[in-house]
Amino acid sequence: MTVQLNETHDASLRSWVTTANQAGTDFPLQNLPYGVFRRQGSNQAFRIGVAIGDQVLDLAAAHAAHAFAGYTELQGGHFTSAVNASNLNALMGLGTPVWSALRLALSRVLREGASQQGALQACLLAQTVAEFALPAHIGDYTDFYTSVHHATAVGKLFRPDNPLLPNYKWVPIGYHGRASSIGVSGQQFRRPVGQTKPPTSETPVFGPAKRMDYEMEIGIFIGPGNALGDVINMDKAESHIFGLCLLNDWSARDVQAWEYQPLGPFLAKNFASTISPWVVTLEALAPYRLAWTRDAEDPQPMAYLDAPDLRESGAFDIQLEVLLQTEKMRTEGAPAERLSLSNFRHSYWTIAQLVTHHTVNGCNLNPGDLLGSGTQSGPLAEEAGSLLELTEGGKKPLTFSNGEQRVFMEDGDAIIMRGWTQKDGWARIGFGEVVGTLLPART
Ligand code: CA
């Protein structure tokens, strides 16, 4: 299950794209995440790109320049059509041997001293003049609920007498979400309108949602799928995962509170969700894996959700930061302010467990399907991944350095999420960011 460390992870590697060697870059040579881009304002078709420093390498152009000659896995029609596509679905479907060979080839041709530098220089575009599209056509989207800290905190607000339901520690809780309204970073959307029931009223009212919130999540892009009826077992689960991105699962809490029983989230969640443009592969994340643990007093995972590698390296050390920039801050040129900092290591279930559980009944996944991790809140109050938790259900306002206060989002607010990982002896790699802005409700 665990991806092996290899020469591509060597922290001493440097790129001839010099911005990739700068301390603090999200995209050093050791990362090489994939996205879909074109020149801003052009009518070109979107193309597959790889982030390197402050540049994007055009994958189809690099292939045409023979950057991948000599790798048997990177020859033939399937590979050529996958890198020439306008989304990542076909490449996602090709599987680990191809992804791994491509990572090795990219690492070698982008290294200092590579003979391909001259040919590949022309395949770069500065990220500042690129625009991005969704990395894949997302056929199906499922959102999980893997932070026990989030589930307990939210449970307390919605059901004070019964915060954590008895199934939580046995079954990875999830629901089928809506793929059509998922957008890429930069997404702007209108405050949703719907039914809510104020606590002071006997009957519901209709109007713009008042308790607009975000959820800091990790997105999991599926690689090769499974046939309907087949199960993806734990020992194979990670070979069906192409990589991870950042995901903001926007949530209208007042709509959610009124509609969620008995079938779960519906219109409170499906008006917009925003993901980062870059997908970081599991191979890039190999050095930053952690032991996954389950408290001795908690139920241990059932056999189908257990595996030898799980406890050794099932978790990921990914820092997750959320910032808010109000319209006033933006107008005055003031930077966004941090709301929280947490870590994906606190997740109660691993990404492999999510894939196995999703398919245990024979449900088929397809390349480009997206799984959400659920809000990643850590054990401390300041590690909460939503305003609902940070403001204790809207009771404790947050105050910013310019004096503005928030309990939930106001029109014009932008939420910025960032993710990165670092470890002594290894490169720091990042996910870039995902930004989304709330516009006023339609009138
Ligand atoms: Ca969610």
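Cβ atoms are placed via backbone N, Cα and C, with glycine included.
Bear in mind that TrEMBL entries carry predicted annotations, made automatically and left uncurated.
According to TrEMBL, the residue from D249, D295 that belongs to the Mg(2+) site alongside K269, S273 is D249. Binding of Ca(2+) is attributed by TrEMBL to E215, E217, D249, and within the candidate set D140, D143, D317 the record adds D143 to that site. Binding site for substrate per TrEMBL: R159, Q256, Y260, T375, plus Y145 from the candidate set Y145, Y168. In the three-state DSSP reading, Q256 (substrate binding site) counts as helix. Q256 (substrate binding site) has its Cα within 10 Å of the Cα of none of the recorded positions D143, H150, S273. For ligand 1, the nearby recorded positions are D143, E215, D249; that is, of D143, H150, E215, D249, Q256, K269, these have a C-beta under 6 Å from one of its atoms. Distance from the CA of K269 (Mg(2+) binding site) to the CA of D143 (Ca(2+) binding site) is 10 Å.
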